[in-house]
Structure formats: C-alpha cells, structure tokens
Amino acid sequence: MDPNNEYRLTTWLAQQEDQHKIALYQCDLTFSLWTQRCIRQADCILIVGLGFKPPTLGQVEKEVQRLAIRTQKELVLLHREDGPRPSNTVAWLNMRSWISWHHHIKCFKRTFSRKSLYRIYELYGKVCRSEPNIHSDFSRLARWLTGKSVGLVLGGGGARGAAHIGMIKAIQEAGIPIDMVGGVSIGAFMGALWCQEKNITTVTQKAREWAQKMNQWWRQILDLTYPATSMFSGRGFNKTIHAAFNDTFIEDLWLPYFTITTDITASSMRIHSHGSLWRYVRASMSLSGYMPPLCDPTDGHLLLDGGYTNNLPADVMRSLGANHILAIDVGSVDDQDLTNYGDDLSGWWVMWKRWNPFTSAVKVPSLPDIQSRLAYVSCVRQLEEVKNSDYCEYIRPPIDQYKTLQFGSFNEIKDVGYNHGKTYFEGQMRAGRLPLFHYHMPPEGARVHQAHPSCYTFTDLAQMVCKVPRTFEDETSSSSSDYDEDYDGQGYASEPSAGILERDENKLRHSRRTCGSLSLSDNEMESDFDTAMMDGPIPPLTKAEYCYSGSLDNT
C-alpha cells in the first residue's frame with residue numbers, strides 16, 4: 001500500500017478504536033498483509049475451529065503464535081445444533097498450549113452453509129431479523145468479549161442442594177442467562193449437570209435419580225469399611241457420580257465450569273477447571289470421616305470437600321471474569337444460642353441435665369460439633385465476606401428445616417428453591433436490579449450507515465484493500481445442497497475480499513473485484529465510501545480490541 005493510503009487506513013482504524021470500546025477485526029484464511037495488520041492491532045485473538053473435526057494446527061496459527069506472544073488467545077469451537085456433545089477438547093488445547101480460554105458454540109445448520117457470502121448476507125439482512133436469543137451460545141460469547149458475563153455459584157449443603165435445581169429453573173424463567181458456573185460439594189454436582197446438559201428437564205431427572213440412590217441405605221451398608229480413614233470406602237459413591245457424568249472432561253462441558261476442593265496435603269484451597277469431571281466433583285463432595293480423600297490423578301494430593309475452605313466461591317467466579325454473579329447458599333446454619341456454663345464443664349452435669357426431665361435443657365456443643373465448627377472456620381469467614389460484598393447477589397432459599405442427608409425430600413426441596421427464586425427475581429425485576437440484556441432490532445428498511453467515511457464498516461474497508469486475486473463468478477449461483485454436511489473445505493470465516501458494493505442506476509448491486517489491490521486511489525476510496533450502504537444493524541462494540549482468525553486447516 002502506498003504511504004498515502006497506508007496513512008488513511010491507519011487513521012481510519014484509529015478512529016474506529018476511539019469511537020468504540022471494541023474493534024473486531026476479521027482476518028483472511030491466509031497470512032496476508034491484512035491478517036498481519038489484524039494481529040498487530042489485536043489485544044485478543046479468537047481462533048475459530050470446527051469442534052467435530054480433528055484438531056489440526058493451521059499455518060496461520062503458527063504465525064500468530066510467533067508474532068503475538070503477549071496477546072491473549074482464545075479458542076472458539078463450533079458444533080452442530082443437532083450434533084453430539086463436545087469431545088476431544090483436550091486434544092485441541094494440548095496442541096495449543098498458548099490458549100488462555102476456550103468456548104463451545106452450538107450453531108444453526110445454516111452456519112455451515114456453502115452458499116455464497118452475498119446470499120448469506122442477504123439472508124441475515126432480510127430474513128433473519130428476529131430478536132436474538134440471550135440464552136444462545138453466540139450471545140454468551142458476546143457477553144464474554146464485552147465483559148458482561150453472568151456467573152452462577154452454587155454452594156454446598158448436602159440434600160438441601162436440590163434447591164439449586166429449582167433456582168436454576170427460576171433463573172431461566174426470569175430471562176437471566178447463565179454464562180459460567182462454579183460449585184462446591186452438592187453445588188459442584190448440580191452445576192456440572194447443568195453445564196453438561198443445559199436442559200432443566202434432563203438435569204432434574206438425573207439429579208432426582210442420583211438423590212434416590214443416595215436415599216437407599218442398603219448401598220451405604222454395602223460400602224461400610226473398617227474406619228481407618230473413613231466409615232465408607234467410597235466405591236459405591238464413586239459409581240453414582242460416574243454414572244451421571246461417565247468419562248467426561250471439564251473441558252468438554254458446554255459452559256465454563258470450576259469446582260473447589262480442599263487440599264489437605266498442601267493445606268490449601270484448589271480450583272479445578274480442567275480434568276476428569278466425575279473425580280473432581282466427587283472430591284468436592286467428600287466429607288471428612290464419611291468418605292476417604294480422593295487422590296488427585298495429576299499430583300497425588302489428597303482432596304476433600306471444598307466447603308471446608310470456601311463453601312460459596314463467589315470471589316473465585318469474580319476473578320475468572322464474571323461481571324454479574326448469582327450466589328446460591330444452601331449450607332447449614334450453626335446454632336449460636338449456646339449455654340454459658342462458666343469456666344469449667346462437667347460431662348456428668350451435662351448428662352444429668354439432658355436426662356432429667358425436671359431440669360432446664362442446656363445447649364452445649366458435643367465433641368463432633370466442635371471439630372466440625374473448627375473445620376468450617378475459614379469457610380464461615382469467607383461466607384460473611386460474600387454476604388457483605390457488592391459484586392454478587394447473595395440468595396438463600398428457606399431450607400433450614402431440611403437435614404444434610406434428607407435426600408428423600410428432593411422434590412419438596414426443589415420446589416422450595418423454585419418458589420423462592422421465582423418470588424425473588426420477580427421482586428428484583430420490579431426494582432430494576434436484574435442483569436437483563438436487551439437487543440433492539442431496527443425497523444424494516446432502516447439504514448444504519450450514512451454515506452460518510454466515518455460510518456463505513458471495517459469489513460467494507462477490508463474488502464477493498466485485501467489483495468486476493470479472484471475470478472468473476474455469478475453470485476446468484478449456489479451449490480447443489482444448501483447445507484452440505486460432509487463439506488470438508490476450509491473455513492468458517494468470511495473473506496474480507498469477497499466483494500464490494502457499487503452503484504448502478506441508483507441501485508446497489510454486488511460485484512467482485514477480479515483483481516484486488518492494496519493501493520487504491522483517493523477517488524476510488526472516496527467513491528467506495530460514498531456508495532456503501534448496509535441493510536442490517538451493527539451493534540455497538542465495547543471494552544477492548546479483538547481479532548477473529550478463522551485460519552485453521554480444518555475450519
């Protein structure tokens with residue numbers, strides 16, 4: 001590009017970055033000059049691939065790794081809406097150790113269409129004008145990029161965790177999307193079910209079946225062992241957790257997920273966001289004395305229930321980037337109305353008070369109660385910080401009357417959680433305190449862009465300056481099948497050089513450049529600026545600059 005046009009392009013891009021919080025750059029499929037410019041400009045690079053294809057490393061990715069060492073890079077894997085659950089994500093990530101985050105996106109069938117770009121633009125501009133679904137994966141990705149993700153934190157509490165299912169249902173009905181999930185103990189189990197299924201009916205059914213197994217005392221009797229470390233061997237409990245998740249990895253869940261455990265080897269809290277799902281869920285549900293600690297398969301450390309260190313990890317969710325956080329607490333509440341017995345205490349006196357019907361009762365903690373309170377000291381302090389914080393919505397359903405092992409009341413506890421959540425969110429909605437996301441579609445025929453260079457879109461400019469030799473072909477032609485399921489060609493990526501808009505007898509028509517050029521004359525640039533019009537809306541961009549790279553060999 002000659003110095004004059006180079007200066008004009010650089011100035012125009014700088015203007016866009018000043019006018020918007022986010023500037024989204026779409027790269028070529030090859031390592032062109034435009035792709036290099038995108039990489040240089042970007043603060044975050046999105047590598048887009050097809051999740052149902054082998055995880056081949058593309059040539060452009062290698063260049064990105066070399067040129068953008070300090071830039072944040074994230075992997076976006078696309079999946080068919082009627083396809084299986086994500087799998088083999090670990091292989092994708094292992095080949096790209098420089099990836100800092102990954103997203104699973106479920107796409108409509110038309111996303112993988114082989115139709116020409118012009119016909120796709122026409123479809124979205126004239127046909128697909130419905131209100132966007134805030135619960136879709138694309139909306140979740142957009143909220144992540146703009147720093148508006150909604151995080152759900154599910155606390156531990158044994159059988160009281162059935163209220164989590166009701167709360168999730170109420171959250172969905174209130175129109176609040178769930179972008180990230182974290183859980184502890186029973187919250188880890190319920191949260192993992194939601195991240196795996198994303199269907200409240202299926203999640204409820206699986207959770208109910210598991211609760212029924214936990215209510216079958218003969219299973220616990222068969223799992224009894226000599227209490228060297230715990231009363232139960234954990235073998236039967238492991239089978240119930242594995243039956244719910246099989247051999248799924250945390251990386252393969254639809255939503256970003258983490259769970260908390262207590263590392264008694266290192267005396268610290270552990271955050272697990274990758275690895276074997278059922279193992280870390282089981283570790284987070286391992287009560288001391290009941291279940292033996294689980295050995296971490298990566299380093300051999302002994303892991304116990306995460307509730308001992310952080311039973312409601314809203315602070316962890318905040319550190320992972322969630323902007324709106326809903327924290328659901330179902331933990332037990334210790335009795336603080338204890339008897340003041342003075343400087344010493346006789347056990348015989350306590351026994352006499354308890355057994356004598358003619359004396360007043362005393363409230364003195366037993367030895368196990370004292371040990372339990374000591375174990376949860378750190379957790380209680382952390383919970384108080386969450387309650388008093390201003391970065392999350394602390395919610396506690398009225399489930400204090402239910403015991404930790406009362407799994408037989410699953411349906412009743414679930415309904416309590418749902419009714420409380422429905423009432424709570426209705427009140428929050430009337431008060432205008434819900435994290436709602438509204439998308440406004442412009443009226444039919446509305447023109448967003450004016451014929452002025454400052455309102456020209458970056459894709460239009462990229463189409464004009466990208467140097468990709470092409471031959472003219474009819475834009476109205478299409479393949480024999482609109483949606484070829486076995487298509488193995490390159491790409492889920494639009495090409496910036498696919499075409500430009502020209503005026504012909506006061507009408508806009510689409511045409512291709514038969515030979516692209518990186519040097520445009522001033523008159524040509526101004527002519528293209530003056531004639532460019534767009535039918536569809538361009539939503540406001542926010543927060544940072546992002547670079548989209550659809551450059552994988554198998555994408």
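Don't overthink the numbers, they just go from 1 along the chain as shown.
Cβ atoms here come from the backbone N, Cα and C positions, even for glycine.
Per TrEMBL, domain 'PNPLA' is recorded for 152-318.
Among the features that TrEMBL reports, motif 'GXGXXG' is placed at 156-161. As a summary of secondary structure, the motif 'GXGXXG' (156-161) carries 4 helix, 0 strand, 2 coil according to DSSP.
The Cβ of Ser185 (active site, nucleophile) has 29 other Cβ atoms within 10 Å, all protein chains considered. According to TrEMBL, the feature active site, nucleophile maps to Ser185.
Taken from TrEMBL, the feature active site, proton acceptor covers Asp305. In sequence order, Gly156, Val184, Ser185, Thr261, Thr262, Ser284, Met285, Ser286, Leu287, Ser288 are the residues of the chain that are 6 or more apart from Asp305 (active site, proton acceptor) and have a CB within less than 8 Å of its CB.
If you look up TrEMBL, you'll see 473-522 marked as region 'Disordered'.
Away from its own ends, the motif 'GXGXXG' (156-161) comes close to residues 183-190, 211, 214, 284-285, 305-307, 311, 329-332, 399, 402-407, 409-410, 413 of its chain (Cβ-Cβ under 8 Å, at least six residues beyond either end).
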